[in-house]
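Annotated features, as they stand in TrEMBL:
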type: REPEAT; residues: A:172-206; note: repeat 'PPR'
type: REPEAT; residues: A:207-241; note: repeat 'PPR'
type: REPEAT; residues: A:276-310; note: repeat 'PPR'
type: REPEAT; residues: A:311-345; note: repeat 'PPR'
type: REPEAT; residues: A:432-466; note: repeat 'PPR'
type: REPEAT; residues: A:467-501; note: repeat 'PPR'
type: REPEAT; residues: A:502-536; note: repeat 'PPR'
type: REPEAT; residues: A:572-606; note: repeat 'PPR'
type: REPEAT; residues: A:607-641; note: repeat 'PPR'
type: REPEAT; residues: A:642-676; note: repeat 'PPR'
type: REPEAT; residues: A:677-711; note: repeat 'PPR'
type: REPEAT; residues: A:712-746; note: repeat 'PPR'
Amino acid sequence: MALPGTIKNPQNLCNSLKPICKHLLFARNISNIPSDESTVANDLISIFTKQPFSPENPELQSLAGMLNTGVVETALKGFRSWKAAHKFFIWASNQWAFRHNVYTYNAMASVLSRARQNAPLRALTAEVVNSRCSMSPGALGFLVRCLGSVGMVDEANALFDEVRKKGLCVHNDYSYNCLLEAVSRSGRVDLVEMRLKEMRDQGWEYDKYTLTPVLKVYCNAGRFDKALDAFNEIFDRGWADAHVLSVLVLSFCKWGEVDKAFELVETMEDRDVRLNEKTFCVLIHGFVKESRVDKALQLFHKMQQSGFVPDVSLYDVLIGGLCMNKEHEKALCLYSEMKNLKVKPDIGVISKLISSFSEGGEGELTRLLEEIYDDIGVEDKVLVYNSFLNSLVNTGSIGKACQLLSAMMGIGLDEDVEINKFFRDKEMVAPNANSFTTVINGLLKANKLDLALSLFVEMAQFGCKQELQLYNNIIDGLCNSNRLEESYKLLRQMEESGFEPTQFSHNCIFGCLCRKKDVSGAIDMIKKMRVYGHEPWIKHSTLLVKELCKNGKTLEACKFLADMVQEGFRPDIIAYSACLDGLVKNGEIDAAFKLFQDISALGFCPDVLAHNIMIKGLCKAQRIAEARHLFNEMETKGLVPSVITYNLLIDGFCKNGQIDEAMLYLSSMFGKEKEPNVITYTTLINGLCNAGRPDDAILLWDKMVEKKCDPSRVAFMAFIHGLCKCGRPNSALVHFHEMEKRKMEPDSFVYVALVSAFLADLNFVSAYEILKEMVDKEKLPDPHDKNYTIVRVAVSKLSENAQTSSSITSLIRQGSLPTILYSDNRDDITSFRIKLESFHTPGLADAGCAAVALLYFLRQSFFGTVRRPVRILCQEICSGGSKVELKMGRQQLE
DNA sequence: TTAGGGTTAG
C-alpha cells in the first residue's frame, strides 16, 4: 500500500538504537513526503480541526478518494490535538478504499502514548492484532515502546507473544531489547529475567541495549547487588556510557547512598565515563536536598570541568543549600563567581542570600546589601526591601521594621537607627501590599494590636490591597484580645470588600464568644457558620462546656451541646466527655448517667475515657457496685480498661473501705499485663495506711521500687503521711530524708504529720527538729488551714517540755513563729499578754521580745481593732526600757 | 502563613 518513495519500515533505521529514549522517533522524514501527499494531509488536518466538523463536507468526501497510508501517516503527525487525530484515524478506518498498515497504527499509537491516553491505545493494540497486519521487528519494537512509555507493560508483553503466535512478526534482538526496555520501567524483575533467558535460548546476543534495561529493572526493584552485577557486566564489556552511569548513580541517591553514588562518579571519571548534563543537575539538586552540599559542590565543579555551563537554577539551589547550612561566606563567593561568569542572578538567589545574612544581624545584612544592591533590577528592589522587613520582623526588631516601612511610605528615617544608614543614600522604594502585610503580621505577633490596626488602615490609604489572609490575621488578633465588637466590624468590612469569610474567620469569633461564655452569641455564630457551610471548631465548643461547668452552669452546658445538634453540628465525644466530667464534678451523677446514655443514642460509642469519667463519678457518689458494673461492661463493649480506669476503681474501693478488693484489682492488672503506675501504688499505699495496715503499705512501697516504678513527690508525701498516721514516725522520717535527698519539697501537711506523730510518741526533740525545719523552709500552714491549730497545739506542747522550751522561745525571739503566737483574733490586751507569758516571756520585762511580737501583731489584718490595746502595750514596753522597739512600734502605729 | 480539645494518687 505504501507509495513509491515512502520508506517502508523506517523503524529499522533505529535498529542500531541510539539510547532508547523517551522521545519516540518517526523515521519518515518530512522532506521525503511527496508534496501532493503533504497537501492532502494538510487539507484533512484543517477539516478535522475546524468546528463544526461535518462528515458530509463535500471537500472531505473528495479527499477520501486520495487517501493512502502515506497521507494518513503524515496527517496523524500533523495534528496538535490527540482527539482530532483520533477522530481522523477512525474516519480513515471507515473509508472503504483504505486500510491501515503498521505505520499508520504506529503513528496513532505514538500520538496516544504522548497524550497518555491508555484506553484508546489499548483498543488500538487489539485492532493491530485483529487486522492481522504484518510488521517488521522494528515496527513491533516501536509499538511496544509506545505501550511501555505509558506503563502498559502487560499489554506490551501480550502483544509481543500474540504477533509471534499469529505469524505477524519474526522477533529479533531489537524487538527483545524494546520489550525489555518497556518491562524494565515496571520493576518486574521476574519478567525481565524470563525474557532474557528466552532471548538467549533463541540464539540472540545481548548488547548494551539489552543489559541497560536489566540494570534499570534491578534499580527500580531496589535490588542493589543485582544492579551492581549488571553494571559490572556492562562495564566489563566496554558498554558503560553516561546513560548507564546515570541510571546507577541516580538509584544510589534514591536509596540514600549519596557517598556511594559519588564514589561511582569518581571511579567512572577515571575511566573516562562521565555524567551527562541532565544527570549532573539532578544529582546536584538531590545532594542539596539530602543536605550534602559538600558533595553537590564537588559535582558542580566536575560539571564545570566537563565543559558544561551551569545556569542560574543550579547556582540558586547551591546558594540555597549553603545558606541553609549557614555557610554565608561560601554562598557569597558562589554568587560572585556567578556574576563573573555573566550568569545573571535572579531574585530567588538574592532573597536566599538576604534571608541567610539577616540571621547574622543587621550589620551582616547591610554588608551583603552593599555588595549586591546594584545587581538588583528596579522592579525587584521592593522585594529586597520586603526581605529586609521580613528579616527585621523575624529577628524581633519590629520597631525597626516599622521605621523602615515609614521611610518607604515617605514619612522619614530615624537618624539613630543603624540599619537605615544603608537605605539613606538610596532612592526609597514605595511599599507594596507585601511590605505592609509583613509588618502588620509582625506587629500582631508582637501583640501590638493597635499599631497593626492603624497600619492596616494606612495600607488602604496607600492604595495597597488588604488580602483575605490579612483580614483573618487581624480578626484573630482582635479575638485573642477579646475585642469582639471590633472583630465583628472587621468581618463586616471584609465582606463589604468582596471577601467571603473563611472557616478561620468565623472560628476566631466563635472561639472568642466561647471564651467569654457567651452561649447565645456562640449559637448565633454557629447559625451563621451553617449558612456558609463552615464547621465550628470543637475545641472552642469544648472550652465553653468546660467553662460553663466550672461555674456550676451544667444545665447550660448540656443545652449548648443539644443546641449544636439542633443546628446540625454534632459535637464529638470529647465535648461530651467534658460535659460528663463537669456534671460529675458538680455531683450530678444521675444527670451524667443520662447524658452518657444519650450519647450512645446519638450514635457515639463512649470511649474508655468517657467510661473513666463515669467510674470516677460513681465512686465519688459511693456507688461502687455500679462503678464495678460499668467496668465489667467495658469488656463486653470491646473497650480495654486503661491504667487510669483501674486506678479510679481501686481508689473507689480504697475510699469505700474495701482495701482487699482494691488489692485484687492490682493483681488483676498484673494478670492482664496492664502495668500499674505510680498513681496505682500511691492510691493503694494510702488506702492500706488508712486501713491501719502500715506493714502492707511498706511491702507495697518496696514492690513499687522493685518494679522500677519511680515514686513521685505525691507518692512520698502520701506514704510519709500514712506512716505517721499509723504511728510510725521513725519509718516516715527515713522516707522524709530520702525525699529531701531527691530534692523533692514536701508540702506543709507532711511536716505537720511528722511533728504530731513524734509528739504522740513523746519524742519531743524530733518533733522540734521537724518544726524547726518547717519554720526554716517557710512551710508553716496558713492560718485558715486545719493544720494550723495542730501546729499551735504542738508549739504549745513543745514550749511546755523541758527539752524543747528554750528552743521554742528562741524561735519566738527570732520572730520565726509569728502567726502561731497571735493565733486568735481577740483584741484585748489581756489575751495578748497571756500569749506572751505562755511562751516564757516573763511578764513584759523582756521588752525586746515583746516589741518584736508587737511588730508582728501590727502586721495582722486586725490591726484596726487593736489600735487602743497596742497603744497601751507600747506604753508598757516603754516602761520596760526598750525604746528602739517602741519607736518602731510607734511608726507602725502612727 | 491555621489544632487540639475530654479521665487518675497525698
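Using N, Cα and C of the backbone, Cβ positions are placed for all residues, glycine too.
TrEMBL does not curate its annotations; it predicts them automatically.
Proximity of distant same-chain residues to the repeat 'PPR' (A:207-241), defined by a Cβ-Cβ separation under 8 Å and at least 6 residues beyond the stretch ends, is recorded for 17, 19-20, 173, 176-177, 180-181, 183-189, 192, 196, 199, 247-248, 250-251, 255, 268, 271, 273. Long-range neighbours of the repeat 'PPR' (A:607-641) within the same chain, counting only residues 6 or more positions beyond its ends whose Cβ lies under 8 Å from a Cβ of the stretch, are 573, 576-577, 580-581, 583-584, 587, 589, 592-593, 596, 599, 648-649, 651-653, 655-656, 658, 674. Note on the repeat 'PPR' (A:276-310): residues 242-243, 245-246, 249-250, 253, 256, 258-259, 261-262, 265, 269, 317-318, 320-322, 324-325, 327, 341, 343 of its chain, located 6 or more positions outside it, place their CB under 8 angstroms from a CB of the stretch.
Sequence-distant contacts of the repeat 'PPR' (A:677-711) (same chain, at least 6 residues past either end, Cβ-Cβ under 8 Å): 643, 646-647, 650-651, 653-655, 657, 659, 662-663, 666, 669, 718-719, 721-723, 725-726, 728, 731. If one looks beyond the repeat 'PPR' (A:572-606) by at least 6 residues along the same chain, the residues whose Cβ comes under 8 Å of a Cβ in the stretch are 538, 541-542, 545-546, 548-550, 552, 554, 557-558, 561, 565, 613-614, 616-618, 620-621, 623, 637. Across the repeat 'PPR' (A:607-641), DSSP assigns 26 helix, 0 strand, 9 coil. Secondary structure of the repeat 'PPR' (A:311-345) per DSSP, as helix, strand and coil residue counts: 26 helix, 0 strand, 9 coil.
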